[in-house]
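Database features (TrEMBL):
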DOMAIN    A:1-61  domain 'tRNA intron endonuclease N-terminal'
DOMAIN    A:169-221  domain 'tRNA intron endonuclease N-terminal'
DOMAIN    A:239-323  domain 'tRNA intron endonuclease catalytic'
ACT_SITE  A:Tyr269  active site
ACT_SITE  A:His280  active site
ACT_SITE  A:Lys311  active site
Protein chains: 2
Amino acid sequence: MELTLDGDVVRAGYEARERFYDSRGYGKVRNGDIDLSPVEAAHLLYRGDIESIDGMDFRAFLGSAAVSEVDFAVYKDLRDRGFYLTPAREGWVDDAAGADFVVYPRGKGPWDNEVAYRVRVIGERDTVDATALGGCVLAVVDEESEVTYLDTDRREVSGTSDAAVPATAGELLGERVVCWEPPAELYDQAFYGQQLGDDGAVQLSLVEAAYLAQEGLLTVDGGADAVVGRGREVEGDRFDRRLAVYTALRASGVAPKTGFKFGADFRTYADVESAENLGHSELLVRVLPADHRFEPRDLALDVRLAHGVRKTMVFALTADGGDGSGDSGNGNDLEWIAVERLTP
Amino acid sequence: MELTLDGDVVRAGYEARERFYDSRGYGKVRNGDIDLSPVEAAHLLYRGDIESIDGMDFRAFLGSAAVSEVDFAVYKDLRDRGFYLTPAREGWVDDAAGADFVVYPRGKGPWDNEVAYRVRVIGERDTVDATALGGCVLAVVDEESEVTYLDTDRREVSGTSDAAVPATAGELLGERVVCWEPPAELYDQAFYGQQLGDDGAVQLSLVEAAYLAQEGLLTVDGGADAVVGRGREVEGDRFDRRLAVYTALRASGVAPKTGFKFGADFRTYADVESAENLGHSELLVRVLPADHRFEPRDLALDVRLAHGVRKTMVFALTADGGDGSGDSGNGNDLEWIAVERLTP
């Protein structure tokens with residue numbers, strides 16, 4: 001079969017429609033005939049189902065400007081995995097925005113009105129807006145043309161870690177606050193800080209101390225402002241973003257602790273009853289300004305690490321860039337995006 | 001016991017020398033008496049072995065400018081782990097440069113002339129020069145005052161992956177080169193590229209293709225320059241650095257493949273006999289300009305991930321920043337620094 005490229009569509013007739021759409025889910029029906037996108041036509045060429053397009057064989061067509069190699073790599077990979085899928089073009093699928101392919105559940109096709117994944121294709125060297133994530137699967141084509149799938153999802157964070165803590169006093173020492181005689185609940189039940197030794201003293205991180213001081217649970221020379229000021233000195237704007245996220249996590253009943261060993265801002269415990277019986281931490285949280293653009297490689301690194309330690313990677317996007325204007329911390333201006341590896 | 005701070009040294013007499021140096025390895029002997037560094041004196045205060053320094057108790061002394069909380073956290077942690085250690089001051093230890101503490105093997109002390117670790121202390125928010133790594137243990141104190149130890153070591157890379165490959169032709173397509181009819185050795189024995197399908201075609205990454213073209217093993221329109229040019233278009237200077245490292249790895253008998261899934265530049269196979277029987281890849285390589293400054297958190301992330309997948313993280317520093325001046329690639333201007341987690 002020899003077909004013709006018309007703009008960005010390969011036109012084919014009734015016979016092609018029967019062979020390619022009706023039985024295998026390629027293309028878009030138009031007036032009883034079929035339109036194929038170039039990537040679909042390339043796949044049919046690759047399989048030998050059609051011989052040429054405008055005289056071009058697979059090799060020539062893939063080398064032409066009509067087909068993106070990156071799209072082809074993902075299209076082929078998903079077909080190899082047994083899926084039918086449709087290019088997310090306006091008029092071809094519902095809600096085309098933000099996706100490159102709409103993938104149907106295995107055994108289903110474009111005629112079934114069920115969607116398994118909305119896939120967005122990027123090359124390893126492209127960047128992707130943080131706000132574009134959520135509700136789609138990123139298919140990242142690496143330099144060797146292998147595809148890594150990352151499922152992205154907007155989500156809520158919640159837990160039952162909400163032990164009450166009596167107020168206490170602390171002393172700001174460099175980049176930490178030491179509570180020399182804290183109530184036992186501070187560390188034992190609510191899991192703030194670390195024990196300095198055996199005598200009960202607890203050292204708080206600056207973000208923990210700033211939160212407790214803002215909540216009226218910690219008195220320190222200069223008040224919360226002194227702690228926040230020290231935080232900004234050593235971390236800049238990032239401190240405000242981290243404090244906003246820390247506050248939102250605590251407000252959601254989740255106990256955040258440093259994620260340093262995992263290269264993250266926080267790890268979180270949803271159901272702390274005591275510091276002695278912590279259980280497993282569920283999330284790794286990385287705090288980012290909402291205008292962040294991800295390098296796919298950094299995403300792959302974070303998500304792979306989280307998977308390896310049986311946690312879920314969550315990116316906390318602070319909408320206002322964490323300007324410390326005072327309304328941060330209510331969590332309303334935060335977005336949580338969970339990203340996990342997916343094997344379709 | 002009440003001692004006195006004299007500049008940056010706490011002076012003590014013969015009795016203190018017997019109690020603290022002779023039996024427990026604190027301080028530096030001077031004329032039969034003993035000098036203690038402030039961090040050592042703080043630890044003795046913390047333990048209750050001395051009562052005060054210039055009238056200050058532990059709490060006051062730790063809060064004074066004399067003691068770094070970060071140094072104290074590491075000093076205490078190593079003492080808690082059963083080590084004797086000496087501040088790396090000029091005149092106190094041999095080769096003080098580049099270290100903060102010299103740590104003796106367990107059961108040994110400053111009188112034994114044996115060193116287990118040379119430790120460099122940094123806070124989570126400090127950065128560290130890439131060239132300062134190698135031959136020391138980084139002790140990173142995180143915001144919650146927990147200590148993570150990272151052993152850094154200059155090393156060589158070598159292997160036996162050196163299968164010969166007949167020359168072949170390729171076609172530059174976007175960010176890859178496709179060899180439509182390659183010799184079987186290209187992929188099967190030497191493990192270049194990925195198979196495009198079942199018909200034998202192999203797609204090479206730009207860095208693989210540039211290397212093969214420079215070695216005279218790949219002909220492509222425009223030659224090696226066309227491939228390198230495409231690489232620079234999509235990666236900038238980073239492409240030259242990666243090509244220099246790729247070339248040095250191949251020259252060392254190691255087969256590099258993309259490290260994308262691990263967030264690295266390459267993973268490497270030291271002893272490839274065939275693509276079918278690859279075995280485990282040993283190293284993750286991240287390519288960096290030699291003037292790179294590490295954020296400790298990024299280091300922790302890379303090293304933790306590598307550990308989780310049973311690989312060693314190696315940073316390849318390109319001395320000239322990879323300017324593509326033509327002498328890159330002989331490996332002489334590269335430094336390899338392996339970083340691994342350490343539990344002292």
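Including glycine, each Cβ sits where the backbone N, Cα and C put it.
Shown here: features listed in TrEMBL, placed on the structure.
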residue	record	Cβ contacts under 8 Å, 6 or more apart
A:Tyr269	active site	A:Gly159, A:Ser161, A:Phe191, A:Val254, A:Ala255, A:Lys257, A:Leu278, A:Gly279, A:Ser281, A:Glu282
A:His280	active site	A:Arg310
A:Lys311	active site	A:Phe262, A:Arg267, A:Ser281, A:Glu282, A:Leu283, A:Leu284
Per DSSP, what is the helix/strand/coil residue tally across the domain 'tRNA intron endonuclease N-terminal' (A:169-221)?
14 helix, 16 strand, 23 coil
